[in-house]
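Residues or ranges marked as active site, proton donor/acceptor by TrEMBL: B:Glu452, B:Glu461. The feature domain 'PRMT5 TIM barrel' is assigned by TrEMBL to B:38-306. Under the heading domain 'PRMT5 arginine-N-methyltransferase', TrEMBL lists B:312-481. If you look up TrEMBL, you'll see B:484-650 marked as domain 'PRMT5 oligomerisation'. The site 'Critical for specifying symmetric addition of methyl groups' annotation in TrEMBL covers B:Phe343.
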There are 2 protein chains.
Amino acid sequence: MPLGQRTAGDKSESRYCGVETDFNEDMPRLLDFNFSAGFDFLLTPLMNPTYRPSLVATGSEAAVLPFAGSDLVLSPAQWSSHVVGKISSWIDLDSEDEVLRQDSETVLRQEIAWASHLSLQACLLPSPRGTSCGNYARCVNQILQGLNNMQLWLRVPLEKSDDDAMDGNSDQAIGGYTDTWQWWNSFRLLCEHHSQLSIALDVMSSLPSGNSLGRWFGEPVRAAIIHTNAFLTNARGYPCLSKRHQKLIAGFFNHSIQVIVVSGNEVHNTSMGTLECSNHTNENSDDTSRHPLRSYLDYVGYLYQRMDPLPEQERFELGYRDFLQSPLQPLMDNLEAQTYETFEKDTVKYSQYQRAVCKALMDRVPDEKASSITTVLMVVGAGRGPLVRASLQAAEETGRKLKVYAVEKNPNAVVTLHSLVKLEGWENVVTIVSCDMRSWNAPEKADILVSELLGSFGDNELSPECLDGAQRFLKEDGISIPSSYTSYIQPVTASKLYNDVKSHKDLLHFETAYVVKLHSVAKLSPSQPVFTFTHPDHSTKKSNQRYTKLRFEIPRDTGSAMVHGFAGYFDATLYKDVHLGIEPSTATPNMFSWFAIFFPLRTPVCLQPGSPLEVHFWRCCGSTKVWYEWCVTSPYPSPIHNCNGRSYWVGL
Amino acid sequence: MPLGQRTAGDKSESRYCGVETDFNEDMPRLLDFNFSAGFDFLLTPLMNPTYRPSLVATGSEAAVLPFAGSDLVLSPAQWSSHVVGKISSWIDLDSEDEVLRQDSETVLRQEIAWASHLSLQACLLPSPRGTSCGNYARCVNQILQGLNNMQLWLRVPLEKSDDDAMDGNSDQAIGGYTDTWQWWNSFRLLCEHHSQLSIALDVMSSLPSGNSLGRWFGEPVRAAIIHTNAFLTNARGYPCLSKRHQKLIAGFFNHSIQVIVVSGNEVHNTSMGTLECSNHTNENSDDTSRHPLRSYLDYVGYLYQRMDPLPEQERFELGYRDFLQSPLQPLMDNLEAQTYETFEKDTVKYSQYQRAVCKALMDRVPDEKASSITTVLMVVGAGRGPLVRASLQAAEETGRKLKVYAVEKNPNAVVTLHSLVKLEGWENVVTIVSCDMRSWNAPEKADILVSELLGSFGDNELSPECLDGAQRFLKEDGISIPSSYTSYIQPVTASKLYNDVKSHKDLLHFETAYVVKLHSVAKLSPSQPVFTFTHPDHSTKKSNQRYTKLRFEIPRDTGSAMVHGFAGYFDATLYKDVHLGIEPSTATPNMFSWFAIFFPLRTPVCLQPGSPLEVHFWRCCGSTKVWYEWCVTSPYPSPIHNCNGRSYWVGL
């Protein structure tokens with residue numbers, strides 16, 4: 001039974017809540033007992049935990065493996081929807097004891113083969129014991145190569161005090177705690193970021209710092225196992241969670257991470273739950289029908305239901321989350337009607353433009369000359385006319401006289417533009433020019449040049465080159481709107497994006513920047529400015545080539561983290577204090593025209609606490625194209641990406 | 001004029017000695033002057049070092065670039081054979097000064113374009129200024145993509161005291177000196193190991209430790225520039241070199257590294273050499289015709305000529321140096337006559353076998369029973385008979401009676417075997433069995449089983465599986481020759497091998513082990529044992545699967561180093577104290593049947609001083625094949641290579 005409906009929530013996996021149980025041979029009863037309490041699925045061992053292959057007498061090869069019932073005890077749909085297999089937790093593939101090691105490998109293979117046979121959606125692998133998990137990873141990696149669609153969830157405790165850490169390696173410790181993220185990181189590097197290898201986090205009573213927790217939202221976490229001893233008891237004796245725990249659970253819900261409740265050892269003696277079920281007697285029906293973890297489930301359901309509904313824009317963008325798109329090439333290609341249609345709906349953007357034009361008009365023409373001076377405004381890249389409209393509204397708002405040239409290179413958009421002018425009766429004010437701004441011979445010079453040529457990374461749709469071409473017909477003291485723009489980047493953990501890029505198995509996709517609605521991404525450090533362009537630019541030896549070297553410091557309490565690439569943004573000054581942008585700390589609210597951009601790294605860079613990340617970005621210009629190159633030089637050098645624009649470029 | 005002939009030396013590039021000169025507009029005269037002194041080529045600037053593009057007035061685009069003469073002043077053959085271009089040493093592409101940075105990039109591109117136009121074989125790039133060489137590397141990397149066959153030699157000082165280091169980064173310092181290998185390493189990583197990017201080492205008066213020097217022999221060093229101030233003065237006033245310098249130069253000669261002499265600043269005021277040439281006057285013909293660096297050249301020539309001649313075996317193997325071969329699959333495939341022919345010539349190997357059989361026969365049959373007991377000896381994998389011959393000779397030598405079964409699966413070899421037996425008159429002693437030893441039904445049991453199934457890595461040609469099959473017909477107390485064998489690995493710098501593997505541009509070649517005569521390889525740490533097999537093995541639950549975790553410590557005075565992969569060897573105990581092997585510290589002398597094996601790493605691992613290398617090797621067995629998997633877990637985890645034998649395996 002799902003946790004409920006968020007008032008206007010997403011239909012994600014996190015609606016379902018599971019429960020971890022002990023081994024039980026009576027699967028149907030185990031399922032019934034937990035279902036009737038409201039749980040949606042079981043995390044349960046598939047094989048008797050006392051079984052050891054090496055103890056089985058040789059010659060007894062006909063013996064049946066001690067699985068929990070045959071595949072017939074549940075229907076195929078029940079197995080696959082309601083059971084997550086829990087691999088025997090005694091296994092230790094990196095033990096010094098060779099017999100234990102071999103038993104572990106045998107059982108791991110048998111259990112996963114059985115789970116595959118049952119078409120389970122996932123199996124939970126026991127925690128690696130420190131980062132020295134070479135043989136465990138080798139075995140899992142071999143299994144992953146031939147696996148059906150099943151996911152393998154590696155169990156990782158969110159925090160582990162150094163006392164019980166296997167190896168007191170100081171590199172892995174933050175403030176007395178082992179950084180268990182390192183366990184995950186070693187394992188997944190050995191398994192080469194396999195897309196079916198994901199994470200189940202163990203949530204205990206204490207939590208690491210917010211920065212440390214934040215990393216996990218860029219990693220493939222599928223489930224969070226919450227121990228009963230992570231709960232507090234409220235005034236009425238019911239379980240509840242600390243504010244920090246509540247925030248974390250909300251984060252899980254927002255990232256489609258399923259919650260699984262498990263009885264811990266300390267608080268509330270609930271560990272007898274499944275035993276009570278198997279020893280089911282009807283002596284006291286009230287007591288036995290009440291599931292010992294029911295109140296925990298109720299509390300998780302309560303947290304789910306009280307989540308804020310998703311804002312409309314977020315709901316609209318749900319389908320775009322973490323979905324990689326190639327950036328537009330609006331200069332080389334003509335946009336389609338659908339694209340114009342979408343972008344024209346961004347009222348926030350055009351009201352910012354209108355504000356900017358208002359201020360420019362008033363600066364240009366004093367009130368006393370408002371009726372005598374006509375300002376010449378050129379919209380370069382007019383599309384289907386939204387900036388023409390915004391400019392005319394600004395003229396009306398300020399009482400200034402305006403003459404507009406609407407320059408557009410796309411002949412299809414020009415058709416619409418003509419009908420718009422006719423429809424609105426702008427014939428005397430607006431002149432339509434069907435021409436590329438870089439080659440147009442303007443009949444007069446402009447006071448104001450208005451354009452919307454910015455991409456997610458500012459200059460990446462060649463606004464600088466276009467406006468350089470248009471600058472010829474701007475008066476010496478004329479105004480460009482936008483007057484400047486700056487690109488920004490920040491390092492991110494983005495395992496989903498990385499795996500999507502990697503799935504293409506070629507260099508080209510690793511050297512391409514993508515437009516993407518970032519969601520399952522951990523932002524590791526505040527963004528920093530990369531390239532700035534200012535218009536008009538009257539300097540003589542001007543160049544649109546750029547080179548910037550940046551140094552990012554990751555907060556120490558983050559622990560180690562993986563950088564899969566860089567999230568890119570822009571901020572533009574339209575005119576004076578009127579800006580527009582998507583850089584997270586200054587983003588214009590409720591604007592939807594731009595998602596972020598993502599520059600991947602061919603080999604993700606692992607950052608140790610306190611070691612800075614040094615990054616280089618170049619904007620290179622050739623005779624027919626513009627492209628970016630990027631690389632990392634610290635903590636260790638990466639190859640230079642996209643040399644000579646071999647993989648990704650924007651055509652002039 | 002080449003340095004001379006080594007008595008029986010190789011014809012490598014190192015026969016030619018160059019000289020570094022200042023910029024000189026009269027190239028023909030410069031060439032003549034240095035040629036007549038005996039130098040073979042010039043390292044000389046191509047462009048006037050005072051030229052700065054930013055100082056040229058705009059509009060003067062018709063101006064001629066200030067190159068050293070037109071391409072016509074020398075013949076094409078002279079340009080390409082006798083001139084190495086020296087890129088202007090003032091360039092600094094990572095300067096904070098943007099004008100200098102842009103001038104540097106412009107000049108670098110102009111000079112390399114000119115050198116390409118002249119078809120020079122190489123250009124010398126000035127030293128990077130520390131590891132922060134991002135923009136320099138980006139520019140060189142762009143140039144490399146479109147370059148003709150020209151090599152770019154990055155100039156790297158062998159040692160640099162910290163006083164004049166640009167950045168006092170302690171990571172890069174060893175004992176008060178900056179580890180300039182890091183400069184090279186950053187540069188080549190950024191340029192993605194480009195095969196046309198190589199090294200010219202600057203040799204000064206002080207030298208780093210032997211371990212530190214040793215690293216360079218695994219890197220693509222093409223030239224060594226020896227400064228006159230690296231020389232000492234002998235009793236007669238002539239230049240000479242310290243013993244350590246002499247050893248280093250000998251190492252250069254052995255690795256086809258060309259020596260270039262350059263006048264340093266301190267010792268002997270010889271820096272006027274080229275100026276004297278250009279201000280050539282005949283006032284004192286003796287003085288001017290004597291080249292100021294002539295005595296240095298003579299000394300280098302002397303060092304070359306007194307090199308030890310190459311031993312015959314080395315000369316024979318010259319053509320195999322650093323040439324990757326796929327290992328044989330003698331079980332799946334049949335060997336060809338040529339292969340048998342080559343291996344049979346290895347007299348050292350067979351005399352070791354004969355010694356082993358002798359000792360086994362004497363242990364088996366006491367002297368007093370020599371005439372009464374006939375020992376049954378089976379050669380499994382008899383090929384064309386060399387082990388049959390060695391065994392019979394052992395019988396003769398010890399006076400023991402022998403009955404030999406020669407088991408061979410290759411029907412073509414059996415033909416030869418029959419004619420050998422007839423020719424030698426062994427019909428009464430030798431029984432030929434044309435059969436796979438794993439399926440043969442032997443008519444009696446053997447006292448001694450002799451085989452030569454070992455590959456470069458010991459078990460890699462499936463000796464364990466074959467001998468397991470043959471063990472059925474060995475007596476309970478019978479002897480196997482070999483009685484055991486162990487594989488070994490050691491981490492190596494091997495940039496040539498890495499680039500050859502990389503040139504295939506696929507995963508398969510990075511996950512394959514190669515047989516190779518290692519030469520341009522730096523061995524970073526002593527080898528360690530990997531897998532051991534013992535025969536016969538009567539244990540019940542025996543398995544030929546193996547797993548070993550190794551930890552290598554690189555000597556601290558090595559500095560940082562790149563591990564491109566692992567060199568593999570074997571050592572076999574034939575019987576008691578008779579062994580046979582190629583593990584460097586215990587290798588059997590003058591044996592040529594086995595080269596080493598090389599396991600590459602997909603991404604080379606950079607080791608910092610004092611940080612250990614943790615390596616895992618697995619031998620995995622399936623129903624139709626045997627394969628290795630390998631990975632690194634420290635300093636950071638690599639992917640597990642060759643998962644499930646997807647790239648490289650040996651067929652059963």
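Each residue, glycine too, has its Cβ placed from N, Cα and C.
Of the recorded residues, B:Glu452 (active site, proton donor/acceptor) and B:Phe343 (site 'Critical for specifying symmetric addition of methyl groups') place their C-alpha atoms 11 Å from one another.
The candidate set comprises the active-site residues B:Glu452, B:Glu461. Of these, B:Glu452 has the most other Cβ atoms within 10 Å. Geometry remark: B:Phe343 (site 'Critical for specifying symmetric addition of methyl groups') versus B:Glu461 (active site, proton donor/acceptor), CA distance 15 Å. Summed and averaged per residue, pLDDT over the domain 'PRMT5 arginine-N-methyltransferase' (B:312-481) gives 94.
Take the CB of B:Phe343 (site 'Critical for specifying symmetric addition of methyl groups') and look out to 10 A: across all protein chains shown you find 18 other CB atoms.
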